[in-house]
Amino acid sequence: MIAKSFIASFLFLCFAFSGVKADGCSEENGYYYCNQASEVEFTNVGYSSTYNEITNMDTSSCSCSSTPKSYGGNLAPFDEEFSFHFRGPIELKRFAVYYPDTSNALSSLRKRSNNQHMKRHPHHKRDDVIDSTLTVYETVMYTTAVYGDSATTPAASEAQASSDILSSLASLSSASTDNLAASVTPTTVAASVASSVDTDSASATISSVVDSATSSVSTVIPSSIISAAPPDSASESTPASTSYASSTTSATSTSTTSGSSGSSDWGRSSFYEADSGTSDNIVFLNNMGGSAGSGVWSSCFGNSLSFAASNGVDGASSSQVLENILVASDKEFSIWTATECNNDCGYYLPGIPAYHGFSGAKLVLMEFIMPHDSSSSYNQDMPAIWSLNAQIPRTLQYGNADCSCWTTGCGEFDIFEVLSTGNEKMIPTLHGSQGSSNGNGGGAGSSDYFARPTSSSMIGAVIYDTSSSGIYIIDVTDQNVSFDSTYSASDVDAWLQSGATIVQLSS
């Protein structure tokens, strides 16, 4: 897995023209970080395309076969089954998955047939090598009021700005990439939107939650395109994207997350608690296949998935509950449902413990600590929490790129990832084909970051909202979240925060 932020390849060229360093951003070990965030919202998530679904893995020839699989719709392909992965140093305290309708939580699984880039670093969670270049543009937040009781049109100034953007993009589209690379200066890394706010859809969404409410919707615009005002006045009237907290999107505009469940409660489907040793509808796996009675090993594909021992590190012959333990640097384990595949998971490597992942609209809660640790020379002190299209680990997570769907864009979501040794900033990134014509080269990421919890635990919430095509990552540590068996829509709405960092994927 490559740890970097992606945006649409066409916009990469356009945004690279800006050579102005964004205020508030700083470079650390080759990466650019801006503001600490309490919430990051990925919007406009969902794409129609194909990826290569693996159909066979041959241990005699070390080759794999695949066939194109179509996908599409809101959140696609991130609405498919995904597994959750954890790399040390990490102490996982609690983990839970909720669905809008408890009675349908597991049955829905059986129904499924189922950029400029940031600088690449050597510590990949995957072995695939992807060409990458440093992101080098500044963005500003252009804020327009949207009224929930009417589908108002953008202000004239915004409409003009949007028109200027489109004209600028068209004029830049034939630019030489060599000239771009030679003329840029490192600035903010963020996914950006070069379009006007869709006020019709925004108003309809907001009004479904709050009648006659006023909120603000922010459009991220490359600074190289906004040239009408002098630098001083621009900095006063259009704050830089590195000041997301001051360019707020109100909670009412994001509270549509509850639209996935309507007025229903979120019901808990899976739960783990380290202190009590409780585990319900959860299976812990790792990549130690063939070493302790589960999974397989081959010279072609190495160690497959296996049951994880209670220490999270070793293999086991049967399912075990993860202990209340620190998993050291560079060690990984994953979480799945306890529902075994029964000719309903597609192809997977024969001999592995094959389980369903988590799909569709859902709420994921996780409590964890990421203390510093120097026990490994590789991936030292670089913890991460991420999710993968479940087909990837069930075939080949690390190794021959032709033996998983990863490179063709079936989906990876880095939720809380530390990019360099000892760093205390965690960033989120979506990896997929959306916004790219080249396999997994699309997606989006944010250089606004979450603070790494090194001494006390953090509780993170991830909401997958199929109704609004949004994925929300929220730090709910101070929200008195206790991993209850159910949550009401209003409970979840209360977690959403104003001033969230908004990352909108290109269509």
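Even glycines carry a Cβ here, placed using N, Cα and C.
What Swiss-Prot records for 228-264 is compositional bias 'Low complexity'.
In this chain, none of the residues that are 6 or more apart from ASN480 (N-linked glycosylation site) has a CB less than 8 Å from its CB. Annotation comment: Swiss-Prot describes ASN480 as N-linked glycosylation site.
What Swiss-Prot lists as region 'Disordered' is 228-266.
Each residue in the motif 'ExDxxE motif' (412-417) gets a DSSP state, and the totals come to 0 helix, 6 strand, 0 coil. Swiss-Prot lists 412-417 with the feature motif 'ExDxxE motif', giving similarity to another entry as the kind of evidence.
Summarising the annotation, Swiss-Prot assigns signal peptide to 1-22 and lists sequence analysis as the type of evidence.
Averaged across the motif 'ExDxxE motif' (412-417), pLDDT in this predicted model comes to 98. The DSSP secondary structure for ASN480 (N-linked glycosylation site) is coil.
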